[in-house]
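First up is the structure itself, then whatever we jot down about it.
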């Protein structure tokens, strides 16, 4: 039975979808104004892990992740870059998708852009005005948070701390200073000159950040969805304001389960440009490889801070390579194994269902991926122990099938499989085998080094030489 930690109630709850067997998820995506750092991608990967886990558990999942392509930051930085807002945000949207591919993050069902949903934002704003929950001031439209008694229920904000009538124009502000926030902002003369405005009943405007997500989520799912995901930094004001806007307009719960991922820190400190410890994904992937970075993110539960360091990444790399080697050895052994019974077969076949149950239970425990990884490592140990003895093809197929189920659910080894070895390398392998048969170890070792210089290693097994690319 799946249990999910709900930020709204601050406890684990049994998950009950709105529609049996199906799950609707909205995840806050990137604000495309720069290269996303590794902390951003940890949150995007959290969404991917949740989707993969739900699919493994038998659910049909629809994930929608927005792209914020108009807000304070995109307008400010596109101007500094001397680019149009569209060209600027298109550039960083493309970088965002490249990063998803680096980490083998599956594509969401949809990636709506804020600029494609302006009409709906104007409609929602008008609805809130009609209900007395929003008002126009100086060409901008503000949400009256005192009109929503539940304001603060997600962030546990003290409603009495609200300053009645005070408003704020910036998208991000402190929880200790709750104010009426902007739904739509009057465009400045400079923004109008740059073409960054939309006609509305209140003049030339552009949207505030918070209304964008409310509209895109409801346009995709209707008034209520199963899960809303994001980083802990979005709980206030962003997600709090989403609830106020959406539930204020519809009178219905906006999201049943709010799921938030913790921060990524670097060697115990928060990432900041002044400390020089802000790393982009391409920097880290260039150093360790995309799947190693993914594995590193998998090793810490999404509700715990991930403390990044080179030592932590190196440890993740070593663990990843051991698991990958097991997969390659299974694939190699399957090529020559026959259906002959051997002692130990029954023991392995008995262990596999137990490991499958443990893996499932880990995912059902608030998407406990680190716990699932521990089960995966146990499967690897079981496989390696079996590979040391005589091998039954039927048992190997069972091992390989479960190994692949686990790795696919974790998003690992997507490019694995028997790769074509270059002809020159295979010729050298044959020459080395001939030297070994003659017990000419000097020639055999020299050929091994030549093969290594070409980027391959040779492992001598009972079944013959196993050739692999070096990492």
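Along the chain as shown, residues are numbered 1 onward.
Note that Cβ sites are derived from N, Cα and C of the backbone, with glycine treated the same way.
Listed features, source Swiss-Prot:
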type: BINDING; residues: 28, 213, 238, 242; note: Zn(2+) binding site
type: MOTIF; residues: 30-40; note: motif ''HIGH' region'
type: MOTIF; residues: 270-274; note: motif ''KMSKS' region'
type: BINDING; residues: 273; note: ATP binding site
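A gap of 29 Å separates the Cα atoms of residue 242 (Zn(2+) binding site) and residue 273 (ATP binding site).
Take the mean position of the Cβ atoms of 28, 213, 238, 242, the recorded Zn(2+) site; other residues of that chain with a Cβ within 8 Å of it are 209, 210, 212, 214, 228, 230, 234, 239, 241. Between residue 28 (Zn(2+) binding site) and the residue listed as 'ATP binding site', the C-alpha separation comes to 23 Å. A distance of 23 Å separates the Cα atom of residue 273 (ATP binding site) from that of residue 238 (Zn(2+) binding site). Assigned with DSSP, the residues of the motif ''KMSKS' region' (270-274) fall into helix, strand and coil as follows: 2 helix, 0 strand, 3 coil.
Comparing the binding-site residues 28, 213 on other C-beta atoms within 10 angstroms of each C-beta gives the minimum for 28. In sequence order, 28, 172, 209, 210, 213, 230 make up the list of same-chain residues 6 or more apart from residue 238 (Zn(2+) binding site) whose Cβ falls under 8 Å from its Cβ. Look at residue 242 (Zn(2+) binding site): DSSP puts it in a helix. The candidate set comprises the binding-site residues 242, 273. Of these, 242 has the most other Cβ atoms within 10 Å. Residues of the motif ''HIGH' region' (30-40) grouped by DSSP class, helix first, strand second and coil last, total 3 helix, 2 strand, 6 coil.
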